[in-house]
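Per TrEMBL, these features apply:
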- 114-287: domain 'Mur ligase central' (DOMAIN)
- 143, 212, 240: Mg(2+) binding site (BINDING)
- 359, 377: ATP binding site (BINDING)
């Protein structure tokens, strides 16, 4: 059924049409109308509002879920863009831009484009916060999301509203659905999201659009941008090697694909192999590639970076270089500013107030605030795992950070008494990762800082790759395949034994399998357990914390941003 939606007030009010109106596919009206009626119709919009069973309008939650279902339909199992398939038909992106009439709109956007293996999301977040505090209207596109897909699109530092998201989503989706065919099929998931970002930022008339590359650079959907204001490459390392190449040089070559002729570009200190390739690619495009050095903490006037971890000073330094260049090239230069002198006040405020979930994030458990603290970091490459381990070790070793977590000591404890601490690992990673590269870096970096895990818990993610989730948690599958988690557990047990100078043995004999009080399986070795669901692992942690109130359990959650999102959904409810 068709509804008329008044443009005023905002949001539009759907009103049932009392008479049938012939409507073409382009939503044009094809009948004669009296002048007064024409005046009324000129002030209204026609919308196709989804209907629920029984003829009533679909609820807001139902409409949003229908949108997520439509988005999920774009997820494919096909390999991502690489050299062998011409970037997974990269040229299709330009067909989509024509369908959505976005070519001219993108050319008007003043874009900062950032690629990299580690730190590109943090760099983009810092840059957005800096320029917003300089007074500009900002648009930020990042990936992946942790809980809600709208996190990927930020306007003025806030994720896009549900109302605007639905409006722009269906504007793009319906046009693409109408115009695509067998030769030009519907865009895949990430490509659609990138197109949606361009539509949102153009329609919202942002002053600056900051784009984080999804994967690689050369064949990434964000790389349809022809003339950004400035480009950046964050730290490079080994990740997505099945797509980007097996050497740092090959990976750097793909990332450098975002460089454009004579457009300023910055990077951070890189391994020689990677830096050589970046400089070679830049030189061919007549670019003087500049190296941004880590931010000097003394320039923050006694304040702390908003994002935790020593590695964030590297990302902050890159963000400062990108923002100062953007300001200069868009006619807003900062007088007498150089990267070694005092920082302008908006830069300091931006760097010390930026916000990014799931990266070096500390969250006390709401059910056991003084006894259970989650340390969340979405590290999933060997280098980022090492940085995550350093951050966790420094945090848990420093008793002073506890005062910032908004909880009070238990009343029954004597004044001045100090809780013992116990460190626990909650881990999962995607099957394309190599746990033999990730887990040793994590465990040995922590051990070198005097931190040893009392227990490691391995769990499957709740989120599934083929469906975009909402804030509601999906149903846990009691028959979930745990073979990957058992493999992670064996790798951990082997590491623990070898670090103690013991020859790895067949630990299957020491395995204990029980069911928790929800009926879910728990498989335990001496140093680790596999839980068949994340909720049962969280319940075990909470029960353990409740039993021993004189110990603060510090849980490092890492290995997968999908796992981080699932944990945040559970512990923030």
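The backbone N, Cα and C atoms fix where each Cβ goes, and this holds for glycine too.
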Distant-in-sequence Cβ neighbours of residue 143 (Mg(2+) binding site), under 8 Å, six or more positions away: 121, 152, 190, 193, 212, 214
Residue 359 (ATP binding site): tally of other CB atoms within 10 A of its CB: 26
Per-residue pLDDT averaged over the domain 'Mur ligase central' (114-287), given as an integer: 95
Chain-internal residues, separated by at least six, CB under 8 A from residue 377 (ATP binding site): 309, 358, 359, 360, 361, 388, 391, 392, 556, 557, 558, 564
